[in-house]
């Protein structure tokens, strides 16, 4: 059975419709509306529209949802109307309607029923959430190269947090054995990915962030050494409600948590390695934003876009 579970956790994405030689995707976090009518915030609606335009203009094969999919307490069950109100009825732009979403859970999702979010995969062709953590194999079309995207559940790894008002750090995993199993799985996947041209790791909590929540001590301790040792291309996350790019130890750190709220605090600027912050955007009047990633034979290019369509920052990361 364990072997079946591990097979289920490795999915292959075939890419490159009309964008030869590249795998492309959008990364958006903390996009999950609000629990009261009309459920979708103006920022979420604007971000969804801009994601549709970007899909048409730049191309995309899928969306990576970086957690906090349903504010403030996740969903109750797999038939919860929030799936319609906050997801299906919002991300309706023509370019976006056909794309699969690969999903992870954030702390607000864990305040509800994450098993229901997994089960919703059987109700919607767009919603792909096979396991709490899983591996995606990305074939770079027109080459014999591949990339790997490892999706984590950082709440199971580090613990939950009630992050409104108190801004508390995760309190440690509820199930230490499950956290250790996830870490062992990640180590195994990173070893297995040694020949992949790019390796991306994604989780809800940041490793490094200058914003309100700041670095996650648990991930700095557990994850950062693995990312460096295995020469991971980039780590993608949300949790802080802004857009950031940091670079440290040869690893790019992408924060894309501006899908529903935008916050400008840089109160943890002194808590990240000196010189690591390359880009920050958290203008409170902004209608939101997200990241576009393009992986081709030569580079992994990260483009940060505001929901206006404005390109805010672009960086090219080299193959491993």
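Glycine too: its Cβ is placed from the backbone N, Cα and C atoms.
Per TrEMBL, the features are as follows:
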- 1-15: signal peptide (SIGNAL)
- 25-242: domain 'Calcineurin-like phosphoesterase' (DOMAIN)
- 30, 68, 71, 241: Fe cation 1 binding site (BINDING)
- 68, 107, 204, 239: Fe cation 2 binding site (BINDING)
- 113: N-linked glycosylation site (CARBOHYD)
- 158-218: disulfide bond (DISULFID)
Inset, instruction - Pop the Cα-Cα gap between the residue listed as 'N-linked glycosylation site' and residue 68 (Fe cation 1 binding site) into the table, whole Å please. - result: 12
Inset, instruction - Mind giving me a neighbour count for residue 30 (Fe cation 1 binding site)? Other Cβ atoms within 10 Å of its Cβ, every protein chain shown. - result: 31
Legend entry - Cα-to-Cα gap, residue 107 (Fe cation 2 binding site) vs residue 218 (disulfide bond), nearest whole Å: 15
Legend entry - Other CB atoms, at most 10 A from the CB of residue 71 (Fe cation 1 binding site): 24
Legend entry - Neighbouring recorded positions, C-alpha within 10 angstroms of residue 30 (Fe cation 1 binding site) - of 113, 158, 218, 239: 239
Legend entry - Inter-residue C-alpha distance, residue 71 (Fe cation 1 binding site) and residue 239 (Fe cation 2 binding site) (nearest angstrom): 12
Inset, instruction - Count, for each of the binding-site residues 204, 239, 241, the other C-beta atoms lying within 10 angstroms of its own C-beta, and report the residue with the smallest count. - result: 241
Legend entry - Whole-number Å value for how far residue 218 (disulfide bond) lies from residue 204 (Fe cation 2 binding site) (Cα to Cα): 13
Inset, instruction - Report, in whole Å, the straight Cα-to-Cα distance of residue 218 (disulfide bond) from residue 113 (N-linked glycosylation site). - result: 24
